[in-house]
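Reading through the structure tokens given below for one structure.
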């Protein structure tokens, strides 16, 4: 069978083992070919090829539901569910999404992008099924990393107390956490766990004893302990943990043996309650470079398949904001032993991997546990440390209560660096950093800022560490502006003070963070049209520099705000509220992300779609205020405004 001809995943049913192994080969080849060309997640999907095939051998995907945790390991799922021929468009504008989307396919049963959600979703589906009296299978596939997330453990705790609710959790243990493969012993233990005698000892014996007339329907404590002991003899220690939580545990099994997994999944489906099947896989399986460097090949830009090396950019780029942050933090940690960097399993993405190597005793990785990371930092701050929490903007959403309750209300000096703030590109709606401006505005006691370039980032880091209260700064994904950087000796910025970059008489542009450089380009375009614009680098969202903004707004009564974030409750809203509260009644044009999701595309394509390029913003400003061309003036709602 050629996968390009596969019309439905149920067509896998009945294929021989040799045919299924050929399907696995085709999936790997297609996966590698596409990701090496356009980039994407590599290692996770390569590791679950056989797992996906074996699982789908035992399911009817017209009825049964599968929730893939995070979703970056679901490329094989996509290749088996009607997207093999369109897979070349992976993570491209209007192409196949890099994560799961219910709107993309009826086989994407639950959308994902963040970790640790799958068990909760699958359990919810199972309860919905039972409520309607229906009969279909509900499955969650979760990695060992995502299982460290509190939400996953909460769901396991709940499901374990529902012994009559069938639910299958597949633990994809890719040898990065929990427990390594244990070879022949694990195979023996698994065969014993599935054998009829062990099923009798661990299950049927209880039912038999309960019906003895002198037992009164209850199992004596002594027999309960004996039953528990027999279970623990039959499974590894990690299995005993899940058994104690109310799950039937099966495994560990070889995650690249289709036959063994198929038999195990079939046995799991026959159970009438929650079951956890522990599958040991090799991340990057089938591509030696990815197997050897499982962290580096988790996700990749375009690369040469024959060498595994990234295809170099056509021209050199300045260092990324993440790298500048990481290198600067090393210096600050070396100068002050009380500074500690904290990450929630994203060291490489945030630049903290540099700190881990250079100053390991001032580095903490809490795993996928954003809530814990924030409150851990709060506790450290109580004891005189200066914690720096480096986290993606989209992931800090997961710890909003802790921001308010544990840091903000107590006014603790915790510094947050929000990486990937703004438009991130190909990862799509679940990863866009478009909400942090809005949600941080409301948190008590916080000082919130964003640099116009990487040099100002260094100054803001010093500002945060010297400030006796909670702080947050946002940095965009990708390269900096290429400005000259200082190795040390950075000076703190005055809190709440912006910067006037250029003066003009026709309008004032107030730009925040990554929009400062585009604002300057926009002002230059306006000047070419005969219009002069003042440009303010706001620097601070909270507190806003009213002393700079208000006089200019009174003198030049046309205000434009620019931000790379959602307009709802955003930076522009803060400026508008400030002007209104001080009776400065001038027209304000807010430019940013409207009330919509930003789908996967390149960052430039997304900005063009949102009207955030300098050319688009220049035209929008002229049209809004009736400045510049006659056509723009005729379409303006503010023709009567006097400069």
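Glycine residues also receive a Cβ, built from the backbone N, Cα and C atoms like all the rest.
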Exercise. To which of 11, 19, 21, 370 does Swiss-Prot also attribute binding of thiamine diphosphate at the site defined by 72, 113, 114, 115, 145, 146, 174, 287?
Worked result: 370
Exercise. Within 10 angstroms of the C-beta of residue 145 (thiamine diphosphate binding site), what count of other C-beta atoms is obtained when all protein chains are considered?
Worked result: 21
Seminar exercise, completed: Sparsest Cβ environment (other Cβ within 10 Å) among binding-site residues 144, 370 belongs to 144
Seminar exercise, completed: Longest inter-residue Cα distance for the thiamine diphosphate binders 72, 113, 114, 115, 145, 146, 174, 287, 370, rounded to the nearest angstrom, is 32
Seminar exercise, completed: In all the protein chains shown, the tally of other Cβ atoms within 10 Å of the Cβ of residue 174 (thiamine diphosphate binding site) is 24
Problem set entry | Residue pair residue 144 (Mg(2+) binding site), residue 174 (thiamine diphosphate binding site) - Cα distance, angstrom, rounded | 7
Problem set entry | DSSP-derived class (H/G/I helix, E/B strand, else coil) of residue 174 (thiamine diphosphate binding site) | coil
Exercise. Taking the Cβ of residue 114 (thiamine diphosphate binding site) as reference, which residues of that chain separated by at least 6 in sequence fall under 8 Å from it?
Worked result: 70, 394, 395, 398, 430
